[in-house]
Amino acid sequence: MAKNSIRVRYAPSPTGHLHIGNARTAIFNYLFARHNKGKFIIRIEDTDTKRNIEDGERSQLENLKWLGLDWDEGPDVGGDYGPYRQSERRDIYTPLIQQLLDEGKAYESYRTEEELQADREAQKARKEMPHYEYEYAGMSEEEKQAAIDEAKAKGLKPVIRFRVPKDEVFAWDDMVKGHVSFNSDTIGGDFVIAKRDGMPTYNFAVVVDDHKMAISHVFRGDDHVANTPKQLMIYQAFGWEAPKFGHMSLIISKDTGKKLSKRDESVLQFIEQYRSLGYLPEAMFNFILLLGWSPVGEEEIFNKKQFIKMYDETRLSSSPATFDSDKLEWLNNRYVKDADDSTIMDLALKQLIKAGNMPANPDAKTIEWARQLINLYKRQMSYMAQINDMASVFFEEPEQVSGEAFDEINNDTAPVVLKEFAAQIEALDLFDSVEIFKVIKSVQAKTGIKGRQLWMPIRIAVTHEMHGPELPESIELVGRETALEHIHQTLAQLKG
């Protein structure tokens, strides 16, 4: 197949926000298209009207754009193969469903939900796999028609079921998993292709859409493997050529070793959550791509252009991918360190404002102070929201020094250092990091105390923390008045 005939799609359902797993599907399809100079299409699969949420589509597209993805066709940009929402394509589906009915490849089914549930319970009691039992089994055409007429007289509306071929093998060479095959007798019987309201089900609509939109390759999650034989049956029924399929491995939790579940609230799983915490989109793109795909060599950090150039679908792994939030934090920290100061300033300032640690409309003096603060913590932050906890000493009145920190300075030399340091910074004409550094050296010279016994009492007294960024810069941002107040409080505590 020529590269320019490659067409792939990401087809989200607006039943929720963009999940890590779905973002991975979008990224893999995007890179495959861009690497091969093909087309990347967005299609909204909104046939599940009961579960669609109000801002589902907007949120999906907005977060894809935030990750750095763009598309050639879609509901917002149009294209030659529209409409790009399934809810707007019923005029395409309806005659095709009727065609299958006319050809005897599908039929009306009036079995109620209660009857189907009773069937499932009986099958369970017999230790059988749940499956649809043909409701017209053993009936003559006259008896079948009588049953249909009776159902209609009761006001029942039918679903449309696809007539599954008996004992036939449906197979494909999966681009990730290798050769996969299913016997038609194992898929659960005749399946629904149109609901009672006439809306097509996923398995029918996706086949029609992929065919009509000339989709050449389908990359999707491993949970769609069981759908593939059903879709191949529909392709066969229409005499259409199926696209090539690639089913990506499951994503499992590092902590549980089990499939990442949307119900597991201990793990952040939605792109919007990471945006809200101030993660960088480039880092998220990089991290998500490594969930089931690996570049050649040891290096794992590249920009999007490099990933497009090197992308090779044969390096997709069939083994489960482990979601490791610690690795994500490490990776994002690498990107934070390399990001330009203005980007980090903008993102971190938003976090400070959101937490109430900065006014919504700070003046120039406050912004300059914030700039110094953010630069001070930039290399330590894994994501921007951490600035509020890391720099809490600048926003909250600290409690008394306690625990390990108090034990560290509860000695004879700490009061000597603190008294001398307080006296010298109080006498400074210019209170900045350069002068503060000079004072620390002067205290060392005057007291003969050096190393940890010198700077640890100063850090703990001023910031109430044992660790942190550069000490002189931290003290400058705390301010002379507050620094002296903290030192005197600590001295009183040590006397106590």
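Each position is counted from 1, following the chain as shown.
Placement of Cβ uses the backbone N, Cα and C atoms for every residue, glycine included.
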Legend entry - Listed range which Swiss-Prot flags as motif ''KMSKS' region', given the options 79-83, 154-158, 259-263, 359-363: 259-263
Legend entry - Correct range for motif ''HIGH' region' (source Swiss-Prot, candidates 12-22, 111-121, 463-473): 12-22
Legend entry - Beyond the flanks of the motif ''KMSKS' region' (259-263) by at least 6 residues, Cβ under 8 Å: 16, 19-21, 250-253, 269, 320, 323
Legend entry - Three-state composition of the motif ''KMSKS' region' (259-263), taking helix and strand from DSSP: 0 helix, 1 strand, 4 coil
Inset, instruction - Could you break down the residues of the motif ''HIGH' region' (12-22) into DSSP helix, strand and coil, giving a count for each? - result: 3 helix, 1 strand, 7 coil
Legend entry - Cβ neighbours within the same chain of K262 (ATP binding site) - under 8 Å, at least six residues apart: G16, H19, Q269
